[in-house]
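Okay, so here's the structure we're looking at.
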Amino acid sequence: GLYAPSALVLTMGHGNSAATVNPERAVTLNCAPTASGTHPAALQACAELRGAGGDFDALTVRGDVACTKQFDPVVVTVDGVWQGKRVSYERTFANECVKNSYGMTVFTF
């Protein structure tokens, strides 16, 4: 094909680490050749990831979101392929509001 594959599965669950968390939600995100998948904002999430060069750690917290300090950790995992390179990513957030405040749409599922 003319494009490198970008197909990801993102999961979210409550707990401290992916090793011990049961995924409560899972969505798919395909970004090539066009944006698709069960991610609720696939088009925007693909554009956001392209802007970040596929680097999930580059998705930083937005200043316009106020979250409580409540500690109810959630773990997000991302596995699959981004522009032909294997991806395996895990990040723990203090609570779901904090998770949703990183980046714009990638983690909001």
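Using the three backbone atoms N, Cα and C, a Cβ is placed for every residue, glycine included.
The shown structure was predicted, so the numbers you read here are calculated from the model rather than taken from an experiment.
Checking the candidates CYS31, CYS67 against Swiss-Prot, the cysteine paired with CYS46 through a disulfide bond is CYS31. The Cβ of CYS97 (disulfide bond) has 15 other Cβ atoms within 10 Å, all protein chains considered.
Neighbour density for CYS67 (disulfide bond): within 10 A of its CB lie 15 other CB atoms from the protein chains shown. Between the alpha carbons (Cα) of CYS67 (disulfide bond) and CYS31 (disulfide bond) lies a span of roughly 30 Å. Using a 10 Å radius centred on the Cβ of CYS46 (disulfide bond) and all shown protein chains, the other Cβ atoms total 23.
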